[in-house]
């Protein structure tokens, strides 16, 4: 935050203004390119993704950090903002889903053994690399070497998790349980409020307020998430796109996907063979990385920080955690975005179960981080 | 070495994925769906991490 305060006060030279103009031009060119070569819907989705990236990096808002702040310092501000954003989306999304069945779908998935275990592992790995699904993309885009190294292994893990997904779901899962319509809105808002009250009870009095930037971020994220739903017909997600990139690579190199019940399904195979510029989660993922890069480059000195010196075990832990992030989030039917944010806001019970399991995992992930050498040397 | 390098690698990764894919599976804007799913009358059919394949 101190960085951005320096930003606004510092004089901006002609060269720097030129760089900022170049960033804006590049963003417009990227959107136009996708619109012209793929279609208007896809250009709009890329714009939404850029908005996510700009909001998350620009307002320094995320998922892993606030969970860590709550567990370590009993500071609930970030999670309260997350709950606010989810509540805002719920109020609009559930009535929209009820009024437009088929055209719009929610992030609704079954609760099962693998789903719960996957969410727990994801919560742990998320704290090891200090980045969830969207957080890893933002971190990579803004030049964080941990996020950058984790990202390709996240993608490989997402592909592998999807490859084995049907085997895992066969271990046992409930039918999909959802809260729908007006009743669904009421139930979800009451549960969100109950979590907020619980968090506030644990917080010391000095931590019981939400900074304005968090509220602003929550409002923007809610608006963008609703835009994602209205434009794509499905909620905001992250990890499917990452696995799809690897599946396309495997397929292009002659790899056989037919042994996987997931990747061999006709609908999935069609997406593997279609342009990545027509895949909704890929477009928003590209946008998040590019948006975070744009904000980091826009800031005066935003990319001038030296890279941290970390021991080899920290880099190895990043590789393993990156893979686990991808694998576990496919078993859990999403990450903080696809399951927690979009699952809860579109009425899926699995979003709530994901939240509890991932939060428990985050507690242990925080303990692992210094043991793995991931706290920077003083 | 600074974050300029790592951030540039991340952007290059995005450009690489798109470039590689454009060569293998070029999009066709003439078969693009309506701009908005809402009100399109079409069934949603995108890939999503919460969905099992049909």
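Backbone N, Cα and C atoms are what each Cβ position is placed from, and that goes for glycine too.
According to TrEMBL:
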| type | residues | note |
| --- | --- | --- |
| TRANSMEM | A:21-38 | transmembrane segment |
| TRANSMEM | A:44-65 | transmembrane segment |
| TRANSMEM | A:77-99 | transmembrane segment |
| TRANSMEM | A:111-134 | transmembrane segment |
| TRANSMEM | A:146-167 | transmembrane segment |
| TRANSMEM | A:173-202 | transmembrane segment |
| TRANSMEM | A:214-236 | transmembrane segment |
| TRANSMEM | A:280-298 | transmembrane segment |
| TRANSMEM | A:349-366 | transmembrane segment |
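Contact between the transmembrane segment (A:214-236) and the transmembrane segment (A:173-202) is absent: fewer than three CB pairs lie under 8 Å, with pairs separated by 6 or more positions in sequence. A contact links the transmembrane segment (A:111-134) to the transmembrane segment (A:146-167), because at least 3 Cβ pairs that are 6 or more residues apart lie under 8 A. Cβ atoms under 8 Å from those of the transmembrane segment (A:44-65) belong to residues 1, 4, 27, 30-31, 34-35, 78, 81-82, 126-127, 130-132, 134-135, 137-138, 141-142, 213-214, 216-218, 220-221, 224, 227-228, 231-232, 236, 280, 283-296, 336-337, 340-341, 362 of the same chain, restricted to positions at least 6 beyond its ends. The list of residues near the transmembrane segment (A:21-38) in space but at least 6 beyond its ends in sequence, with Cβ under 8 angstroms from a Cβ of it, reads 44, 46-47, 50, 275, 277-278, 283, 290, 294, 297-298. Among the stretches A:77-99, A:146-167, A:280-298, A:349-366, the one making the largest number of Cβ pairs under 8 Å with the transmembrane segment (A:173-202) is A:77-99. Nonlocal intrachain contacts for the transmembrane segment (A:349-366), taken as residues 6+ away from its ends with a CB within less than 8 angstroms of a stretch CB, comprise 64, 67-68, 71-72, 107-111, 115-117, 119-128, 176-179, 191, 332-334, 336, 339-343.
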